[in-house]
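The domain 'Cytochrome c' annotation in TrEMBL covers B:46-125, B:144-222. Summarising the annotation, TrEMBL assigns heme c 1 binding site to B:C59, B:C62, B:H63. Per TrEMBL, heme c 2 binding site is recorded for B:C157, B:C160, B:H161. The transmembrane segment annotation in TrEMBL covers B:242-261.
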Amino acid sequence: MAKPAPVADTRDPGSATTTSKRAVSARDIDLPPVMVKQGGPLAKWADDRLGVGGLSKFLMRKIFPDHWSFLLGEIALWSFIVLLITGVFLTIWFKPSMAEVEYVGSYQLMKGMMMSQAFASTIDISMDIRGGLLLRQMHHWAALLFVAAMFTHAARIFFTGAFRKPREINWLIGVGLLFLGTMAGFSGYSLPDDLLSGTGLRFADGLMRSIPLIGTWAEFFVFNGQFPGDLIVSRLYMVHILLIPGLILGLIAAHMVIMVYQKHTQFPGPGRTEHNVVGYPLFPVYIAKMTGFFFIVFGTITLFGALVSINPVWTYGPYNPSQVTAGSQPDWYMGWVEGAVRIMPGWESHWGHTTWSWNVFVPGVILLGAFFTLMALWPWIEHWFTGDERNHNLLDRPQDNPTRTAFGVAIITFMLLLQFGGANDIIATHFKLSLNAISWFLRFAIFVVPVIAFWVTKRICLGLKKGDQERLLHGSPTGEVHRDANGAYIEDHVPISHEEAFALTAIDAPEPLTVAAQADAHGVRRTDGDVSAMRARASHWWSESNIPHPTREELEEAHSHHGDGHEIEPADKH
Amino acid sequence: MKYLSTRRRHPAAKPLILVLALFLVGAVYALVIPSSQVSAAPGLSQQVQEGKALFQVSCSSCHGLNGEGTSQGPSLVGVGAASVDFQMGTGRMPMARPGQQAPRKDSEFSPEEISAISSYVATLGPGPGIPAASVVDPSKLTDEELARGGDLFKTNCSACHNVSGQGGALPNGKYAPPLTGVQPVHIYEAMRIGPQQMPVFSKNVITDEDATQIIGYLETVQNRNPGGGLSLGNLGPVTEGLWAWVVGIGGLVVIATWIASKGARSK
């Protein structure tokens with residue numbers, strides 16, 4: 001039995017093609033010229049050991065397309081970096097303990113009060129530690145911006161169809177990040193153990209208890225006994241500074257690597273196809289833009305932290321289960337769940353010795369779960385409607401897919417209405433409205449208004465598409481109206497540029513699915529790719545009002561008689 | 001004994017006994033009943049007369065000519081001087097128009113006129129009086145007492161008035177008004193009389209010392225509380241979220257648009 005021949009594996013990380021026997025000469029260095037020029041011997045040193053040359057060659061020439069909406073995810077990323085930096089500072093001083101201590105710091109209105117160590121250390125950070133309040137406020141503002149930027153980024157991905165094949169996995173990771181970001185925020189604002197965060201925890205406790213049958217056990221598991229117990233702060237601390245940030249970091253890494261691997265999407269335009277990326281290289285253009293934007297986001301958050309008060313815990317005071325202040329709201333990203341609970345009728349069932357709290361379970365647990373489930377499944381839901389199997393590297397403009405856009409706007413409308421519900425007492429006092437009137441309005445509006453928003457959005461999208469078709473067929477109106485010999489009023493049109501025509505015709509909406517023949521020509525029953533009648537109907541509904549691009553013939557026909565202008569008012573009416 | 005027994009069948013005996021009994025009951029009654037809390041001192045009668053005249057011009061159309069109340073307004077018998085001082089001192093009374101609740105506004109009456117009307121209303125029946133100046137003066141409180149006032153405020157008041165006294169919503173368009181800029185004496189009176197939607201906090205529940213501490217806390221938290229910058233109305237996460245979206249995301253999107261349109265000269 002022959003021994004397997006030893007295979008010489010190249011160990012030179014600098015270049016996979018050089019063998020270890022060859023002496024490394026200057027020519028073998030796999031460094032981009034700019035790195036040799038800028039980095040000098042240091043670049044060579046790093047390349048010899050880590051092979052940064054190959055990586056940087058790849059990364060530095062990586063092309064990214066330019067559009068403002070592609071920077072929304074960056075806001076989230078940079079806010080997260082600020083969260084990490086400021087968070088590290090806060091952990092140096094924060095004491096995650098619910099042990100009772102007497103306050104001995106310098107804040108006048110707490111003198112001699114008993115409070116948890118967590119709250120006392122938060123007051124110390126805010127009042128006695130140099131720069132503490134600035135960093136605490138920056139951390140909180142960055143958290144609000146982080147989740148807001150993730151939502152905005154997700155909306156951009158949704159409305160441009162960037163979640164479609166081949167990017168479903170990255171969409172899923174994104175939904176996971178959004179959920180984790182929300183949880184990070186919630187666990188974070190519960191830590192100071194002030195009156196507002198304790199009230200928020202009480203809310204979360206209610207959600208847990210509302211879970212049928214196991215609710216009480218869930219509460220006892222999380223709080224180690226009845227609310228509030230004496231462990232929740234240290235448990236949330238672990239979740240907030242270790243578990244969730246670790247998961248977020250890992251998912252962000254995966255998100256980025258997949259984005260680089262799949263290459264960035266782009267809007268249609270001249271020279272842009274499904275098979276290329278047109279933009280600027282990472283170095284030097286995007287490095288400069290990204291670094292600049294990082295500093296702008298960092299600066300914005302610093303300004304907010306320095307100038308605008310957020311969560312003044314010293315005003316709220318230590319948590320005491322017997323106190324609930326008017327105007328208790330969660331941070332905005334839980335506001336819509338709060339709103340749903342506030343407007344829900346107080347339905348409750350008692351079966352046997354069990355209690356079913358529909359009034360909390362449905363608007364709290366089910367709604368929250370349904371939102372993230374629907375969001376995660378959306379690429380497959382849309383695929384069910386369209387049956388679209390193509391790869392998409394070109395983005396839709398929102399009006400290119402009226403049904404999807406209308407659905408997204410309906411969901412946003414729904415959440416916005418619930419957000420109003422969460423702020424109902426602030427709205428009532430500041431706009432002199434009745435709380436009950438707001439609740440009753442919202443109970444119906446959350447069902448009716450999204451439907452109206454759906455319909456209106458769809459009409460707006462179709463109007464925009466019609467306008468595009470007008471421009472393709474008849475050109476761009478010049479605004480010059482004149483009267484011809486017959487007395488008709490005519491507005492001159494000029495043909496649109498080839499670039500614009502290219503961009504307007506680059507996107508093809510998929511054909512609606514049709515019910516496949518149940519049997520082929522030989523009478524053999526098909527088993528593959530069956531489209532049910534229901535799915536075909538749904539697919540038809542999805543795309544029925546789509547406006548197809550004009551065909552080549554239509555375009556040529558329209559352009560051949562160009563110059564007649566566009567009649568505003570037919571002459572024969574005179 | 002002979003004197004009484006010979007005259008007990010006298011025709012005048014029964015009426016005389018009755019008169020005697022009535023006199024005795026009256027005398028005992030006068031000795032036993034508590035004196036009313038606010039009695040019109042002789043020197044004030046002039047003030048009471050002025051108050052009554054003002055009352056009949058400005059208040060009687062709703063509260064009745066003698067403060068007995070009408071279908072438009074409640075009886076004022078037994079509401080006490082504190083009620084009048086609070087309602088008129090904060091401009092709530094007279095009401096500009098009927099509604100769920102009388103809003104606070106600038107008072108149309110001078111302090112002397114309010115004082116006259118309140119001493120008149122106090123004569124209608126005993127009720128809470130206007131506190132002495134020392135009761136509502138929080139300037140001598142220690143830091144610990146101020147902190148205790150904060151705890152009392154958060155336990156008893158913040159559920160409606162908000163933790164920093166910004167006010168809050170109540171059902172059906174009613175509301176707990178903001179406590180910013182309210183005079184200490186009016187805060188004290190409100191606790192004792194329970195105006196409009198507010199419950200009464202009697203001296204058994206909130207003692208005068210407690211009340212002074214609450215007043216001291218409110219004054220400190222509203223005037224000398226260190227802030228973290230722009231307060232955004234002290235309304236909590238709602239306005240903070242609005243700021244994060246409108247100024248934060250809005251501003252950064254504007255900057256992103258600028259970045260995306262600029263600086264791509266890599267040729």
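Every residue gets a Cβ built from N, Cα and C, even glycine.
Using a 10 Å radius centred on the Cβ of B:C62 (heme c 1 binding site) and all shown protein chains, the other Cβ atoms total 17.
Within its own chain, the transmembrane segment (B:242-261) has Cβ neighbours under 8 Å at 232, counting only residues six or more beyond its boundaries. Helix first, then strand, then coil: DSSP counts for the domain 'Cytochrome c' (B:46-125) stand at 39 helix, 0 strand, 41 coil. In the predicted model, the domain 'Cytochrome c' (B:144-222) has a mean pLDDT of 91. Same-chain residues that are not part of B:C59, B:C62, B:H63 yet have a Cβ within 8 Å of the Cβ center of the heme c 1 site turn out to be B:F55, B:S58, B:S60, B:S61, B:G64, B:G67, B:G69, B:T70, B:Q72, B:G73, B:L76, B:M93, B:P94. Each residue contributes its Cα atom, and for B:H63 (heme c 1 binding site) and B:C160 (heme c 2 binding site) those atoms are 28 Å apart.
Secondary structure at B:C160 (heme c 2 binding site), taken from DSSP and collapsed to helix, strand or coil, is helix.
By a Cβ separation below 8 angstroms, chain A lies close to these of the binding-site residues B:C59, B:H63, B:C160: B:C160. Using a 10 Å radius centred on the Cβ of B:C160 (heme c 2 binding site) and all shown protein chains, the other Cβ atoms total 19.
Remark: B:C59 (heme c 1 binding site) has B:G67, B:L76, B:M93, B:P94, B:I117 as non-local neighbours, by Cβ distance under 8 Å and separation of at least 6 in sequence. Separating the Cα atoms of B:C160 (heme c 2 binding site) and B:C62 (heme c 1 binding site) is a whole-number distance of 29 Å.
You'll find the Cα of B:C62 (heme c 1 binding site) roughly 30 Å from the Cα of B:C157 (heme c 2 binding site).
Helix, strand and coil residue tallies for the domain 'Cytochrome c' (B:144-222), in that order: 45 helix, 4 strand, 30 coil [DSSP].
Around B:C157 (heme c 2 binding site), the same-chain residues six or more apart in sequence whose CB sits under 8 Å from its CB are B:G165, B:I214, listed in sequence order.
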